[in-house]
Each structure stands twice: as structure tokens, then as C-alpha cells.
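First up is the structure itself, then whatever we jot down about it.
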Ligand code: MRU
């Protein structure tokens, strides 16, 4: 995909406004870290790795704009807190802010101009590393995509949701680039329509055949044998493999299990929260019910009716066939495998 979801330019953070896609390609030029926080909250940028990158760039931007080193630590903490308070579920957001904090504290005694450059460089490293990680995820997962199959995906775990390339869509891209030919079914993904607007747009640009369905169509297609594999992204994976992803993922996983269809999650290791033992401890974002009620500017619900909007759900590990990461495809029992790979990470 040629369009970049986010980049640093001349002391500003440029963020592609994903709410306007595919109709318009418009960048929001953030001059202050509070604007970056706002773009995360209001879904202009979304997808776990992408909001992690945005938060890191927001931290760098906040420090970049400081005119003096007066009360530096206090002001740095405030910047981090504002970006932390944007969305609660995606682990990559907290992981990226922690990484920026480490960089800050290891260079705290440098001059302010030096510190600014260190932080800006770190944010750009997070972005570049994410793209490289996505490519490895693609390489590791592409053997699962056999010629002639139909793959179902939910929401958007593509280039737009990451630094570029994508996780679930990265696997599909890598397979396609290797010459394997297959079809994709994309769930619409109510209410932000990440599947219909973003996944379909990305796949169309690659020339990968894609058909959009309503979220509730998946079971019917599975019953007819029309789906061979499900692959989705993740917002947070607990240490036992339980996975939070876009609302509706849990239902798909159960349907896939019932119909004997392999169900894969593709995610970078930074999505795994080793401090959370299981999915019940993952904080699930609840967004305003009125976001469900509007189709564009038009309210389609009766005035005054209640609407309940959980943005994510948790798929228990027992429904997951494998987790495709940059370190390889993790298979059950996940707890043991995640533990082993995380130790490998710590030891470099
Ligand atoms: O609410 P969103 O659009 O941020 O939700 C995004 C998802 O659920 C994605 O599947 C997930 O973040 C993985 S992105 C590689």
C-alpha cells in the first residue's frame, strides 16, 4: 500500500484520517501532543500497532515542543499520561509508551536538543521495526495460505492498522507476493466498518479478490463450506493465549471451531501482555452507544433508546489454532510457548 498511516515530518506528526477512507485521503498534521491523543481517541488512527506508534510519536512531539528543560520530568510524565489515557485495550499503546519512558530516563541528563532527537529517533525506530516485524509475521504465516482457499478476516489488521504491511493482512500479502492465489471474505465490522472501508480498500489495491459480507453472514458461509481459514489481528493477548480483538471475533472463533475451520491470530510479540494471566483481566473498551446509532450523520435508532457498544471481545485460547508472530507460529499450549519465547526476547 502506497499511503502511509503515520509519519514524522518537520517537527509534526502526520496522521492519515482513517475515518474518511476510502473516499478521501486526508492527513491531520498534529503540532501538539494533545492532538495526537485526540486522533487516537476519536479513531482517526486505529489498530493496535498503529496507535502504539502514534503514542510514541506523541511523546516525542510533546518533548520536541518544550522550550526549556524546566520541570522536565514532571512535564514528560504528563505527556505520557495524556497518551496513556486514550484507549484501554491495545497493549501496544502501553508497550510503546514504556519504551519511550526507558529512552527518556536513559538520556535524561543530555541537553534538551539532544534528548528531543533521541526521542524522535526512538519513535521512528518503533515505526520502522513494526514494519519489519509485520514482514516476518507474513513470512512465518504465509505457508498457511494454500492455493485456491477462501480466507475470512474481521476488522482491519492491515497496513493501516500498523506501521505498514499489516499482521493478518501481512500474512495474506506475503502469500500473494509468493504467487499463491486465493480469495478473501471481509466482515464489514460494525460500526466503524474497518472491514468494508479499510480491509477491502487495502486488498483491492493489491489485486487480491475480496468480497464484503455483513458480520452476521459468516456462519452461513461456514455451514456451506465456503470458508477454509480464519485469520484476525489482536489488541491484547494474555500470557495464556486468550486474545482480545475487535468485537465479533469471539463469535467467529466459536463458529470456526464448530465447523472445524482453523482459526489463526496474527500479531507482533508486543501485543502479548505477560503481566495478564488470562483474558478476563484484559480491560475492554466501552465506547459511547451513540457511535452505533449513526450511519454517517443520520441517526437510525429511535430517539432515546439505549445502545451498548463494546469495542472488543475476548476469544479464549482453546478456540485458537495458532498465533502467528515474528518469532514463529505459536501453537497450543500457548502459555508454555509464550513463556519460552518471551525469555528468548529478554535474553536478546
Ligand atoms: O477499534 P480498532 O479499529 O482500533 O480495532 C482494531 C482491531 O481490532 C484490530 O484487529 C487489531 O488492533 C489488530 S491491528 C493489526
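Yeah, the Cβs are placed from backbone N, Cα and C, and that goes for glycine too.
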TrEMBL annotation, substrate site containing 46, 47, 48, 87, 245, 246 - matching residue among 194, 303: 194
Under TrEMBL, which of the candidate ranges 21-42, 43-64 is annotated transmembrane segment? 43-64
Tell me the Cβ neighbour count for residue 194 (substrate binding site), meaning other Cβ atoms within 10 Å of its Cβ, over all protein chains shown. 27
Should any of the recorded positions 87, 155, 194 have a Cα within 10 Å of the Cα of residue 235 (active site, proton donor), which are they? none
Hey, how far is residue 87 (substrate binding site) from residue 155 (site 'Transition state stabilizer'), Cα to Cα, in Å? 17
Go through the recorded positions 46, 47, 48, 87, 155 and pull out the ones with a Cβ less than 6 angstroms from some atom of ligand 1. 46, 47, 48, 155
Show, in sequence order, which residues other than 46, 47, 48, 87, 194, 245, 246 on the same chain lie with their Cβ within 8 Å of the centre of the Cβ atoms of the substrate site. 51, 90, 155, 156, 157, 161, 233, 235, 311, 312
Across the record's substrate-binding residues 46, 47, 48, 87, 194, 245, 246, the largest CA-CA distance in angstrom? 17
